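**Student:** Here you go, one structure.
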Amino acid sequence: MEQVNELKEKGNKALSAGNIDDALQCYSEAIKLDPQNHVLYSNRSAAYAKKGDYQKAYEDGCKTVDLKPDWGKGYSRKAAALEFLNRFEEAKRTYEEGLKHEANNLQLKEGLQNMEARLAERKFMNPFNLPNLYQKLENDPRTRTLLSDPTYRELIEQLQNKPSDLGTKLQDPRVMTTLSVLLGVDLGSMDEEEEAATPPPPPPPKKEAKPEPMEEDLPENKKQALKEKELGNDAYKKKDFDKALKHYDKAKELDPTNMTYITNQAAVHFEKGDYNKCRELCEKAIEVGRENREDYRQIAKAYARIGNSYFKEERYKDAIHFYNKSLAEHRTPDVLKKCQQAEKILKEQERLAYINPDLALEEKNKGNECFQKGDYPQAMKHYTEAIKRNPRDAKLYSNRAACYTKLLEFQLALKDCEECIQLEPTFIKGYTRKAAALEAMKDYTKAMDVYQKALDLDSSCKEAADGYQRCMMAQYNRHDSPEDVKRRAMADPEVQQIMSDPAMRLILEQMQKDPQALSEHLKNPVIAQKIQKLMDVGLIAIR
């Protein structure tokens with residue numbers, strides 16, 4: 001359990017640092033050692049979600065709930081993955097199921113509220129999510145003055161994020177006025193018309209509904225600025241960047257409160273490859289946007305463009321910093337994907353930059369000294385550092401495998417031996433150490449197979465020959481109790497998988513009742529292989 005906790009903590013630190021693949025590896029190794037630990041599946045679900053692999057996040061969320069049905073966090077993980085997969089109805093049901101077990105769980109309550117809001121948005125269009133929302137409000141004199149009030153902007157953002165709150169906000173006259181502007185109808189007169197039930201009001205003449213404010217309602221400077229912007233856009237599309245810059249600059253002079261004209265200038269410099277100027281203009285645009293309470297989506301775009309400029313220069317650490325700033329303002333799939341791409345490249349760069357065979361040799365020698373003294377934990381640390389410094393050296397994995405075997409961490413020893421053999425298939429030590437780990441686990445059949453592979457490479461290898469003889473004698477003389485056999489067998493992940501297969505359990509029951517059925521089942525090579533595995537580990541015997 002100490003090894004499991006250590007791997008879990010390493011995974012948590014890696015996830016916090018943004019090293020998602022490292023976190024996944026740690027959690028997966030811990031799960032192999034403790035497959036019934038619900039917390040490990042929950043943590044791995046979070047890591048998969050952060051990576052963008054929502055299907056695997058969902059599968060781990062389901063496993064968490066199966067292992068610990070009364071734990072609210074499991075339902076949160078499962079529901080969050082369903083949300084990312086756009087399976088909103090299922091996510092809602094999952095939150096509801098979780099609340100049956102933990103009625104006061106705040107995370108589940110908020111998740112359910114958000115899910116209900118998103119489902120409501122699907123059924124009814126949310127006018128507060130219009131792409132040109134602030135432009136419409138600024139164009140209409142009824143709402144233009146309201147935009148200078150910070151509480152009004154907070155109200156708008158609240159209704160954008162939680163449209164289900166609209167029903168509770170209708171008492172606010174500002175909300176009714178805003179709806180009138182956004183929907184293009186005069187909601188203020190509706191109550192009066194409903195009260196005059198008889199006689200009913202005559203049907204309104206066609207096209208008498210209040211028209212949406214047109215460009216004519218804008219001040220002259222803003223109208224001219226928009227025209228300059230359109231001219232700039234046309235020039236930009238034709239890649240006439242100098243002309244585009246002149247028009248955007250003129251638009252900015254006419255309407256200095258609109259950050260869009262500055263970000264358009266930044267886009268031109270981005271295309272020209274002048275990334276310093278692009279970043280300078282984006283920073284200026286953000287400053288103008290903050291001062292004039294611009295929509296957070298526009299702020300996010302400016303930060304994303306700064307991130308893109310650093311990405312182009314292969315300055316991935318800076319790019320990640322600004323992508324995260326953009327995501328904090330407004331989360332979009334494109335920016336998230338770009339950020340993850342930059343993180344992956346940066347991680348690989350750091351890994352490659354860390355490689356140094358000379359330092360790896362120093363760490364290996366330190367590890368050898370500690371191993372000779374019997375200080376196996378310290379030796380393992382030195383070998384691990386050596387592997388980071390030179391991950392293509394097969395002997396380092398072999399040395400660390402020897403440490404793991406001394407520390408009775410046989411599964412980890414086997415993993416290192418596999419890596420060693422893969423890197424250098426003719427290296428005898430990789431095979432003998434793998435066989436030694438299997439022998440220590442009392443898996444004599446597998447151990448003999450591996451010792452034989454070593455002898456195939458070098459028939460004079462005394463270590464392999466002696467090991468083969470030991471395993472043969474141990475297999476012949478073994479008198480394990482049924483409990484020992486079962487406990488040892490069930491520690492093997494392959495056996496666990498076979499025994500958890502409902503079809504195999506049915507076949508084994510049938511073999512007990514009708515031994516003649518065995519010959520039929522052995523005709524299927526897949527089933528025959530599984531039965532042979534169970535025989536090898538001593539779980540079943542055929543007489």
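Just so you know, glycine gets a Cβ as well, placed from its N, Cα and C.
Here the structure is a predicted model, which means the values were calculated and not measured.
What Swiss-Prot records for Met1 is N-acetylmethionine, and it gives similarity to another entry as the kind of evidence. Here Swiss-Prot flags 4-37 as repeat 'TPR 1'. The N6-acetyllysine annotation in Swiss-Prot covers Lys8, Lys301, Lys312, Lys325, Lys344, Lys446. Per Swiss-Prot, the feature phosphoserine maps to Ser16, Ser481. Sequence annotations record features per position, and here Swiss-Prot assigns phosphothreonine to Thr198, Thr332. What Swiss-Prot records for 222-239 is motif 'Bipartite nuclear localization signal'. Summarising the annotation, Swiss-Prot assigns phosphotyrosine to Tyr354. Look at Swiss-Prot and you will find 492-531 tagged as domain 'STI1 2'.
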**Student:** List only the single closest residue to Lys446 (N6-acetyllysine), chosen from the modified residues Lys8, Lys312, Lys344, Tyr354 by CA-CA distance.
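**Tutor:** Nearest candidate: Lys8.
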**Student:** Which state, by DSSP, holds Lys8 (N6-acetyllysine): helix, strand or coil?
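**Tutor:** It is helical.
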**Student:** Looking only at residues six or more beyond either end of the repeat 'TPR 1' (4-37), which have a C-beta under 8 A from one in the stretch?
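**Tutor:** Non-local partners: 43-44, 46-48, 50-51, 67, 320, 340, 343, 347, 411-412, 493, 496.
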**Student:** Can you grab the distance from Lys325 (N6-acetyllysine) over to Lys8 (N6-acetyllysine)? Cα atoms, rounded to a whole Å.
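**Tutor:** With distance taken Cα to Cα, Lys8 (N6-acetyllysine) is 29 Å from Lys325 (N6-acetyllysine).
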**Student:** Are there residues of the same chain, six or more positions away from Thr332 (phosphothreonine), whose CB falls under 8 angstroms from its CB, and which are they?
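**Tutor:** For Thr332 (phosphothreonine), the qualifying residues are Ala300, Ala304, Ser326.
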**Student:** Please report the distance from the Cα of Lys8 (N6-acetyllysine) to the Cα of Tyr354 (phosphotyrosine), rounded to the nearest angstrom.
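**Tutor:** Here the two Cα atoms are 24 Å apart.
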**Student:** When you measure from the Cβ of Lys325 (N6-acetyllysine), how many other Cβ atoms are you left with inside 10 Å?
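**Tutor:** Excluding its own Cβ, Lys325 (N6-acetyllysine) sees 18 Cβ atoms within 10 Å.
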**Student:** Can you check which residue among the modified residues Lys301, Lys312, Lys344, Lys446 has the largest number of Cβ atoms within 10 Å of its own?
**Tutor:** Lys301
**Student:** For the motif 'Bipartite nuclear localization signal' (222-239), what does DSSP give as the number of helix, strand and coil residues?
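**Tutor:** Summed by class, the stretch gives 16 helix, 0 strand, 2 coil.
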**Student:** Starting from the Cβ of Lys8 (N6-acetyllysine), draw a 10 Å sphere and report how many other Cβ atoms land inside it.
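**Tutor:** Summing over all protein chains shown, Lys8 (N6-acetyllysine) has 20 other Cβ atoms within 10 Å.
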**Student:** Around Tyr354 (phosphotyrosine), how many other CB atoms lie within 10 A of its CB?
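**Tutor:** Other Cβ atoms within 10 Å of Tyr354 (phosphotyrosine): 13.
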**Student:** Would you mind splitting the domain 'STI1 2' (492-531) into helix, strand and coil residue counts from DSSP?
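**Tutor:** Helix, strand, coil within the domain 'STI1 2' (492-531): 31 helix, 0 strand, 9 coil.
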